[in-house]
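Heads up: the structure comes next, in structure tokens.
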């Protein structure tokens, strides 16, 4: 098999703007993925922790298990797993900022369990683990590597292994037509903007892709849970937070970066409300 090299440069260009800039619109968990508003009155922080619980509960974690978080971000999911599920954790990320931030954050949590954060891609990871969670990282993996990703994940899990994959989803033109979703030239321009300015190298899967590649690696898809309007609400809050911190954001970065992120957050909210984009959690079992 050809050796795969992680896309470090792409990931670092996306996430290594500055931790403080992201903290202006994210909640204290620093989760940069769709929240789960289990109750209408939830704060963003409560909804992000509810999202982590929603994902982790599907893994049937038991004390002492080892959980791998692929694309662990700023460590919010790892922290939740350590504090609420009493497991050993390994988080991997391609972002140096996220790696340093997560290491420092998790070092402050009292636990008898093993806690590791690595600057490493899934394609370099070969340790055996009991469970895998990946929230908002799959979008950067590229379709030509989907097969290898699911095969690697399957190989490092035990016979009763479980994996939770949380990813943004797209639809084919045919599906959008059937759903009555009309894609305008403005929508097409926004897609181009996202691909060039915000997530260079990103590629969104369709639900069918997850089924096809996961099942080809011998996973069973136990459950799919879509969270489309939860992401629209998350993005709405992020945009409001960033707008409220406009002066600080410009001081930290620039007016150009501030405007770029406002355009991105408001445009993505529109995509989720309109039905162009979706987001789902896929529970995979061996």
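Glycine residues also receive a Cβ, built from the backbone N, Cα and C atoms like all the rest.
Listed features, source Swiss-Prot:
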{"type": "ACT_SITE", "residues": "268", "note": "active site"}
{"type": "BINDING", "residues": "32-33, 67-75, 93-98, 122-123", "note": "S-adenosyl-L-methionine binding site"}
Problem - Whole-number Å value for how far residue 68 (S-adenosyl-L-methionine binding site) lies from residue 268 (active site) (Cα to Cα) - result: 29
Practice task
Tell me the Cβ neighbour count for residue 32 (S-adenosyl-L-methionine binding site), meaning other Cβ atoms within 10 Å of its Cβ, over all protein chains shown.
Solution key: 20
Problem - Per DSSP, three-state class assigned to residue 32 (S-adenosyl-L-methionine binding site) - result: coil
Handout entry: Cβ neighbour count within 10 Å of residue 94 (S-adenosyl-L-methionine binding site)
Key = 23
Exercise for the section: Give the sequence-ordered list of residues that share a chain with residue 71 (S-adenosyl-L-methionine binding site), lie 6 or more positions from it, and have CB atoms under 8 Å from its CB. Expected result: 92, 93, 94, 134, 135, 136, 137, 138, 140
Problem - Cβ atoms near residue 74 (S-adenosyl-L-methionine binding site) (within 10 Å, other residues, all chains) - result: 26
Handout entry: Around the Cβ of residue 123 (S-adenosyl-L-methionine binding site), the count of other Cβ atoms that are within 10 Å
Key = 16
